[in-house]
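As given in Swiss-Prot:
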BINDING   Cys70, Cys96, Cys162  [8Fe-7S] cluster binding site
BINDING   Cys288, His455  [7Fe-Mo-9S-C-homocitryl] cluster binding site
Amino acid sequence: MTPPESVTLEENAATAVDPKELIKDVLEAYPEKGRKKREKHLNVYQEGKPDCGVKSNIKSLPGSMTTRGCAYAGSKGVVWGPIKDMIHISHGPVGCGYYSWSGRRNYYIGTTGIDTFGTMQFTSDFQERDIVFGGDKKLAKLITELEELFPLNRGISIQSECPIGLIGDDIEAVAKKSAKEINKAVVPVRCEGFRGVSQSLGHHIANDAVRDWIFPRTDKAKKDGTIDVDPTQYDVAIIGDYNIGGDAWSSRILLEEIGLRVVAQWSGDGTINELINTPTVKLNLVHCYRSMNYISRHMEETYGIPWLEYNFFGPTQIAKSLREIAAKFDETIQAKAEEVIAKYQAQTDEVIAKFLPRLQGKTVALMVGGLRPRHVVPAFYDLGMRLIGTGYEFGHNDDYKRTTHYIEDGTLIYDDVSAFEFEEFIKEMKPDLVASGIKEKYVFQKMALPFRQMHSWDYSGPYHGYDGFAIFARDMDMALNSPTWSLIGAPWSK
């Protein structure tokens, strides 16, 4: 991807620091053993290289303030939680569920507590006696009670927390027995937080649970002729869009405008029937590659359904993705894609004309989760902004390979960056904007640095699609050009 031409990294005073020297300086604070481990996760991208040159998906250094989550967070908080018509039990002590309760803005349509349950919290509230004697009976009773209290639920998932795996409870046996009793899907998910090195394994475990406990229902429905969708040649599924602030809805609008039929959304505003119906589609459109590539690959291998990673951040990338998607179908869809791109051109030109003069040349440092350290970059470029640093909380090597298509030579790369490292990088690079998560938000705002939260859009959005780009541009302008910042001084400038 080509960044804006108006300002080069060398010309921008904010990036006068040599990033290679900066890495060395920051690592000096560590003991030798820790320094050797962390230096493998930090690098400066060299154009033409096949990847970003960092190690990833490795256990965090003990004692470092990592921003990562756990496997439970990846399964319950990301993949399963947004399935709106299922009840998701946080099986274990109350804290894990309580502190992750409704933390992501997964918008959905429905009546909460009647036929949808996305913002509700259900827990087995493990106590000491449950650790000693086991919690299988308690879990079975909980499922029975939930069925009585919320009869319109379409299924239940059991999101196991650390103690469940440590004491060896058999949640699979409970799930099988309970499913027969209530005649609905009961899905056990072995997502205990101690598994793996981050929330990324939780995504994988959640994907495997869909494969093992939901898709057999698909196969049976196909065999019995009871599947409740009449396939067409234009059927697609949106995979890995969690509808943060309505993002999936914005994406769906564009896909339907070019003539495609969206059969399923995974998993923002999604239902269990949509999961079951997905293996009937002609193409899976993957938004968050990191969290959903596993099930997409499985469907390709098992059902012959191809998949494509798309990006609807910023008009340049939207047009590119629409054309790539349309190329998988016939000339009718391809022609409609061009019509849709042309339809929104005037709107796009108006947004850029308004905000480009106010944002051009501004620098941004990113540090987010699954896909946004690369996917949001084109939207910044479309506004004339510059990326000087980016990194993933829980990225894998293939994420960093994909990132090379979005960044330019000299970009600072940081994997699983610690709180200390990130603060030191920002102090020296002095970007105009920091775009990261809620844990970082107030640290940098107290430094008088403009900040936008890239996990939940700072309670704004949607940011996907052409309409979302207008909101994105407005929000970046609000953050950078608010008069607030002229009234506050950074600690290092005193």
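Note that Cβ sites are derived from N, Cα and C of the backbone, with glycine treated the same way.
Projection of Swiss-Prot feature records onto the structure.
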residue : record                                        : Cβ neighbours (10 Å)
Cys70   : [8Fe-7S] cluster binding site                 : 24
Cys96   : [8Fe-7S] cluster binding site                 : 24
Cys162  : [8Fe-7S] cluster binding site                 : 19
Cys288  : [7Fe-Mo-9S-C-homocitryl] cluster binding site : 21
His455  : [7Fe-Mo-9S-C-homocitryl] cluster binding site : 21
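Surrounding the centroid of the Cβ atoms of Cys70, Cys96, Cys162, where the record places [8Fe-7S] cluster, the chain contributes additional residues within 8 Å, namely Ala71, Tyr72, Ala73, Gly92, Glu161, Glu192, Gly193, Phe194. Cys162 ([8Fe-7S] cluster binding site) sits 25 Å from His455 ([7Fe-Mo-9S-C-homocitryl] cluster binding site), taking the C-alpha atoms as the reference points. Between the C-alpha atoms of Cys70 ([8Fe-7S] cluster binding site) and Cys288 ([7Fe-Mo-9S-C-homocitryl] cluster binding site), the distance comes to 18 Å. Under DSSP, Cys70 ([8Fe-7S] cluster binding site) is assigned to coil, being neither helix nor strand in the three-state scheme.
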